[in-house]
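A.B. asks: Heads up, here are the entries from TrEMBL:
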- 9-27: transmembrane segment (TRANSMEM)
- 61-79: transmembrane segment (TRANSMEM)
- 86-105: transmembrane segment (TRANSMEM)
- 88-200: domain 'Phosphatidic acid phosphatase type 2/haloperoxidase' (DOMAIN)
- 125-146: transmembrane segment (TRANSMEM)
- 158-179: transmembrane segment (TRANSMEM)
- 185-203: transmembrane segment (TRANSMEM)
Amino acid sequence: MDWSKSKAAYIFVLLAACLFIYFFIVVKRGEPLQFDSNVSHFITSVFTEGSYPFFKLLNRIGSTIGIGMISLIVIAGLWGKKRDYAGMAVFVLGIAIGNLLNMWIKDYIARPRPELEHLVHVKSFSFPSGHAMMGMILYVFIAYFIMSALQSKGLKWLVAIAAGIFILLMGISRIVLHVHYPSDVAAGFALGFFWVFFCITCYETTKERLNRT
């Protein structure tokens, strides 16, 4: 895989950047979004009370502790497999800086949470969704490292689809649990993809330079 040379990847990251900027501006202005009400109504009509335990589990997986534990497993894998110091460095910095960026934007926008009964405990502002953003960063990283080690295109597609479904469910959980607006989730996905693309591009560039020396 070589994201730094993929035209399709650059198109997706450009679209992600535009999407995030749009929601950033609209939410900062405090303008109501029909997108939020339409998507919220659809998702809450599809995922009823019976799905709450599953989405609460996803909430724990996407928590700071959950991300920290999974990140340690990824770091151990990168160390044990190839002593991939560049991969470990980019991964750690990507997760850490991504989390700080999310918190900074939350405090800057200061968007209140939805005025509904929150089904899980939350204490920060709403925009953008940390679970959506950090889920995108973490699981794209994981999918990327796994796919880089695979030869079969079929298996690579399977990993990519599985990661995509899991990331999507992580975002949906924030709406089902009444702790985020859909625009929070969409913006989190968009910013997360932009950031992880930047990190992976830096990683690939670093590897190329190291291989030349």
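Heads up, residue numbers simply count up from 1 along the chain you see.
Heads up, the Cβ atoms here are built off N, Cα and C, so glycines get one too.
Nobody curates TrEMBL annotations by hand; they come from automatic prediction.
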A.B. asks: Based on Cβ pairs under 8 Å, which of the stretches 9-27, 125-146, 185-203 lies most in contact with the transmembrane segment (158-179)?
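C.D. replies: Most Cβ pairs under 8 Å with the transmembrane segment (158-179) come from 125-146.
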A.B. asks: State, in range form, which of 9-27, 86-105, 185-203 has the highest count of Cβ pairs under 8 Å to the transmembrane segment (125-146).
C.D. replies: 185-203
A.B. asks: Kindly state the mean pLDDT of the domain 'Phosphatidic acid phosphatase type 2/haloperoxidase' (88-200) in the predicted structure.
C.D. replies: 95
A.B. asks: How about long-range neighbours of the transmembrane segment (86-105): same chain, 6 or more residues beyond its ends, C-beta under 8 Å?
C.D. replies: 24, 64, 67, 71, 74-75, 78-79, 124, 127-128, 130, 133-134, 137-138, 141, 145, 188, 191-192, 195-196, 199-200, 202-203, 206-207, 210
A.B. asks: Mind checking how the domain 'Phosphatidic acid phosphatase type 2/haloperoxidase' (88-200) divides into helix, strand and coil residues in DSSP?
C.D. replies: 85 helix, 0 strand, 28 coil
